[in-house]
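So TrEMBL has the following annotated:
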- 88-108: transmembrane segment (TRANSMEM)
- 120-141: transmembrane segment (TRANSMEM)
- 162-179: transmembrane segment (TRANSMEM)
- 185-208: transmembrane segment (TRANSMEM)
- 254-274: transmembrane segment (TRANSMEM)
- 313-334: transmembrane segment (TRANSMEM)
- 346-368: transmembrane segment (TRANSMEM)
- 388-411: transmembrane segment (TRANSMEM)
- 418-436: transmembrane segment (TRANSMEM)
- 442-459: transmembrane segment (TRANSMEM)
- 479-499: transmembrane segment (TRANSMEM)
- 511-534: transmembrane segment (TRANSMEM)
Amino acid sequence: MSKKDSLIKGTIILTVAALVARFLGLFQRIPLVYLLGNEGMASYTIAFNLYSTLLIIATAGVPTALSKMISEKMAVGHYQDARKIYRASLWFAVIAGIVMAVMLYILAPFYAEDISRDPHAVLATQAIAPALLLFPLIAIMRGYFQGRQRMMPNGISQVVEQILRLVVGVLLAYLLLNVSLEWGIAGASLGGVAGGVAALAVMIYYTVKIREEDKEELPSIAVQRSDGSISYTKEAGLSDPGITLSYGSILRDLLSLSIPIVIFSMTVTLIYNIDSSTVIPFLTRFTDTPYQEAKELLGILGGQAQSLAGLPIVLAVALSQSIMPIISVAYSQGKMDVVANQTAKVLQLSIISGLPMVLLICTGSRPIDGFIFLFGGSEIGNQFAPSIIALMTASVMFQIIMQTSGAVLMGMGKMPELVQIVAIGIGTKMVSSIMLVKYLGIYGIIAGSALCFVIMSYLNLRVLHKEVKFRIMLKRRWVGLAFSTIIIVAVGMMLEIVTDTYLHLTPWVRFNYGLNAVIICGAVMALYPIMLVVTRVVTWNDVLSFPAPLQKLIHKAARILKRS
């Protein structure tokens, strides 16, 4: 298999696995919202977002750096150095995992009660702490396999992890609710630990398997025994005995590569954690919102909105991961025309591919949320959930631009600039949330996140323009895209009003919401490509420049349309 084919296959595997894992994560929230309600989901969100932030810190971006170092060593035949780097990374993961797990368990009461103002989140936070012992190891193993260009173990482990997280989390939540709501929330958190055990088992299986393959494939090494005889072994796999690495130098190289990566990579997770930590105290302190209502609003934000808003960005993340090595090679070789072309192409593709899902969720937020979550079963959910979901999903467009442009900057090695931009973005988030929550309530906190993504996107693009001259799209196409968006939003809103007012065909409320969602989403998805073609935002020449798998999909769709 050629390097190009390997890259495409690996990208497809990771993209499909990420999509499946994301949808499984969404499906987990459906029964949890039903079992725990919006208040219970608030406590679960506090625990899960804090855990997610500490997990990123615990792995410190090492998997990405490890993948790079392993691939470099394997490419030149330094197999033993690659194994030593892997072992050093595993020890780092063990120590970091222990430290973070103990820290999370001990600090859970202080964080939940004094910072997030939700005592019910204490047990849930402590319940998920053991997962921090497992996932740093899993992340390191995934980085190692990525460096070996073995993407299948990573994809399978992600899917298995989410399946066990869903099944065990929902089952324990259901069983422990008989004790109390607090124990039910803790049961949902324990699903993450079960998912970690399953994922680790998958990675250990593939680790044993790849070692057996290495014994068969790696070159034999001559070893002199104590009696003077010569034997041959494939265990070492060392092609250059003159190269040795100390554990200290390995860790220094790993951390120097990984720390800037983790600072940028944790931006979205950190913003979600800031929200889950501040929604209750901000709403109760700066507005007249009662405590119970503030807690329900946090449950809607974390249990429903964050899940749905995470869907449009999946393809953009996959594109970002695939473009980084291309940009890195072209930039290091001084091929600025290639950098400019690839930068414009990936930004254009991420915007065009992310926008339809954003429009779909925004215009259909009420029937979608009613069908999936039934608004959390409360009047507050019925009143606030659709607008919270729509506004949060709309802000994802700037998140897509921010993450895609940031990936290009990472490929160009602009880590110091990225770190500064992240600091500015987080500062903007905190200040704007405090200022806007006084006037807009929960919507002010969401607007603060959106403003953070806007500022970071602008700063990323400004740094990019200083390095290379590129244009995402012509002005005519921007106008066409804006016009298409306005038309689609107008049609979607009109259909939402009509279906919500008149279309109640059955006595089953959830079925009616599902039918309304299908009508609105179907209209948006059908109208989007038509409007792009009519306004010439996308031409046939653009299609020819898309990745091969996407071209095949478009060709098949075109043939079906011609036959119909």
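Glycine residues also receive a Cβ, built from the backbone N, Cα and C atoms like all the rest.
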Are there at least 3 C-beta pairs under 8 angstroms linking the transmembrane segment (254-274) and the transmembrane segment (185-208), leaving out pairs fewer than 6 apart in sequence?
no
Which range out of 120-141, 254-274, 346-368, 479-499, 511-534 gives the transmembrane segment (418-436) the most CB pairs under 8 Å?
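Stretch with maximum Cβ contacts: 254-274.
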Under an 8 Å Cβ to Cβ limit, what residues of the same chain, 6 or more beyond the ends of the transmembrane segment (511-534), are close to it?
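Distant Cβ neighbours of the transmembrane segment (511-534) are 352, 355-356, 359-360, 363-364, 366-368, 370-371, 374, 480-481, 483-484, 487-488, 491-492, 495-496, 499-500, 503-505.
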What else in the chain is close to the transmembrane segment (162-179), if you only count residues 6 or more beyond its ends and a Cβ gap under 8 Å?
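Same-chain residues near the transmembrane segment (162-179) but 6 or more away: 20-21, 24-25, 27-28, 31-32, 35-36, 185-192, 194-195, 197-199.
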Quick check: do the transmembrane segment (388-411) and the transmembrane segment (88-108) share at least 3 Cβ pairs under 8 Å, counting only pairs 6+ apart in sequence?
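When sequence-distant Cβ pairs are counted, the transmembrane segment (88-108) does not touch the transmembrane segment (388-411), since fewer than 3 lie under 8 Å.
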Sort out for me which stretch, of 88-108, 254-274, 346-368, has the most Cβ pairs below 8 angstroms to the transmembrane segment (479-499).
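Comparing 88-108, 254-274, 346-368 against the transmembrane segment (479-499), the winner is 346-368.
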Please indicate, using numbers and ranges, the residues of the same chain that are 6 or more beyond the transmembrane segment (88-108) and have a C-beta under 8 Å from a C-beta there.
47, 50-51, 54-55, 57-60, 62, 66, 121-122, 125-126, 128-137, 139-140, 143-144, 247, 250-251, 254
